[in-house]
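A short write-up of the structure that comes next.
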Amino acid sequence: MLDAQTIATVKATIPLLVETGPKLTAHFYDRMFTHNPELKEIFNMSNQRNGDQREALFNAIAAYASNIENLPALLPAVEKIAQKHTSFQIKPEQYNIVGEHLLATLDEMFSPGQEVLDAWGKAYGVLANVFINREAEIYNENASKAGGWEGTRDFRIVAKTPRSALITSFELEPVDGGAVAEYRPGQYLGVWLKPEGFPHQEIRQYSLTRKPDGKGYRIAVKREEGGQVSNWLHNHANVGDVVKLVAPAGDFFMAVADDTPVTLISTGVGQTPMLAMLDTLAKAGHTAQVNWFHAAENGEVHAFADEVKELGQSLPRFTAHTWYRQPSEADRAKGQFDSEGLMDLSKLEGAFSDPTMQFYLCGPVGFMQFTAKQLVDLGVKQENIHYECFGPHKVL
């Protein structure tokens, strides 16, 4: 526990942190990667270049300082970050490196004096221990469950299937022929790659897209413009190639009773965790209402449409609605979408009348903010809305 003086000293730095903003974490990362370049093998350098990770870390530091005397308020954020850390295989000793550079950053940018640095050192130590302990629990859970493993494990690509102009699915089975760990629908795999020509090892998280079967995994990858890893997977990864995987993780998952109605809302590749949820509901014969609401630019980039239709047909109470923002003439001729333009949930207001319905959202942050606001305006309780950000987390 932190003493009152330490808490007061840390909280007194909040105005300075807010005034500085993400410049603080930009300095921190630049310093850390200069002195410890080996960490470039772990961090997603694309998120460093676009600033997303720097903003996310700043928000986390500011939130910690603001809630330093109320750590339980931070536990949901801690769980989300700890789950993600396990896919990077973060180790306790790396927290010492981060702490060293965080304190050096505070000193170099603000010269706050030893009392402030000591207070932040104590505060960081408490938070680091929270993460270290939780991550140790997750590592142990992953290693001890049936089909589980420690560290990375070699998997072979056994199928590669284009699903749209932008999305391709990959089916993976363990090289050792053993069983694989189950997971909760909505969770992701950590994929580790360092093909020839890559300056650093790259680690990405891709949502699992079907119900666990104990034999292998399926992910789906969107080709991102300028995306080093996604383009390599689309252009160069082939059936028979071997990749390294970390056991499934993630705090975004569906866990509902059979009599709980569910609405799955997504756009683009945001449908990937929803597919695992829908597959799970379908194979369990879920008896309550299931809604599938999806938005795409047009039919060319709309993936898994046939699979969703087939899964929906196996559910006793299923409703699907698809929006195309800019449908082609071919899309109109085929009649493969329901509405044109942006997703407007107000036209489906009657679908949300059950107060026990659980809502799962995934897509770009702007889409989820837009959609969550519609749901709240329609009377849905915030606690019934669950969402996943691809990349560093942001609060809706």
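Residue numbers in this text run from 1 along the chain shown.
A Cβ is built for glycine as well, from the same backbone N, Cα and C atoms used for every other residue.
Positions annotated as active site, charge relay system by Swiss-Prot: TYR95, GLU135. As annotated by Swiss-Prot, heme b binding site applies to HIS85. Under the heading FAD binding site, Swiss-Prot lists TYR188, ARG204, GLN205, TYR206, SER207, CYS389, PHE390, GLY391, PRO392. Among the features that Swiss-Prot reports, NADP(+) binding site is placed at GLY268, VAL269, GLY270, GLN271, THR272, PRO273, with the record citing sequence analysis. Annotated domain 'FAD-binding FR-type' per Swiss-Prot: 150-255, in sequence order. Positions annotated as region 'Reductase' by Swiss-Prot: 147-396. For TYR29, the entry in Swiss-Prot reads site 'Involved in heme-bound ligand stabilization and O-O bond activation', with the evidence type sequence analysis. The annotation site 'Influences the redox potential of the prosthetic heme and FAD groups' is assigned in Swiss-Prot to LYS84, GLU388.
Everything Swiss-Prot records as a feature, shown here on the structure.
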{"residue": "TYR29", "record": "site 'Involved in heme-bound ligand stabilization and O-O bond activation'", "Cβ contacts under 8 Å, 6 or more apart": "PHE43, GLN48, GLN53, ARG54, LEU57"}
{"residue": "LYS84", "record": "site 'Influences the redox potential of the prosthetic heme and FAD groups'", "Cβ contacts under 8 Å, 6 or more apart": "GLN205, ALA249, GLY250"}
{"residue": "HIS85", "record": "heme b binding site", "Cβ contacts under 8 Å, 6 or more apart": "PHE131, GLU135"}
{"residue": "TYR95", "record": "active site, charge relay system", "Cβ contacts under 8 Å, 6 or more apart": "ALA128, PHE131, ILE132"}
{"residue": "SER207", "record": "FAD binding site", "Cβ contacts under 8 Å, 6 or more apart": "GLY186, GLN187, TYR188, ILE219, ALA220, THR272, PRO273, ALA276, CYS362, GLU388"}
{"residue": "GLY270", "record": "NADP(+) binding site", "Cβ contacts under 8 Å, 6 or more apart": "LEU361, CYS362, GLY363, PRO364, PHE367, GLU388, PHE390"}
Sorted by position, what residues of the same chain at least six away from GLY268 (NADP(+) binding site) have a C-beta under 8 A from it?
LEU166, LYS222, ALA295, ALA296, GLU297, VAL301, GLY363, PRO364
Which numbers of helix, strand and coil residues does DSSP report for the domain 'FAD-binding FR-type' (150-255)?
8 helix, 46 strand, 52 coil
Which number gives the other C-beta atoms within 10 angstroms of the C-beta of VAL269 (NADP(+) binding site), all protein chains shown included?
25
In which DSSP state, out of helix, strand and coil, do we find GLU388 (site 'Influences the redox potential of the prosthetic heme and FAD groups')?
strand
I want to verify one value. Collapsing DSSP to three states, which class is HIS85 (heme b binding site)?
helix
Restricting to the same chain and to sequence separations of six or more, state which residues have a Cβ under 8 Å from that of GLN271 (NADP(+) binding site).
HIS294, ALA303, PHE304, CYS362
So what's the mean pLDDT when you look at the domain 'FAD-binding FR-type' (150-255)?
97
So of THR272, GLU388, PHE390, which of the recorded positions has the fewest other Cβ atoms within 10 Å around its own Cβ?
PHE390
Could you say which of the binding-site residues TYR188, GLN205 has its Cβ with the most other Cβ atoms inside 10 Å?
TYR188
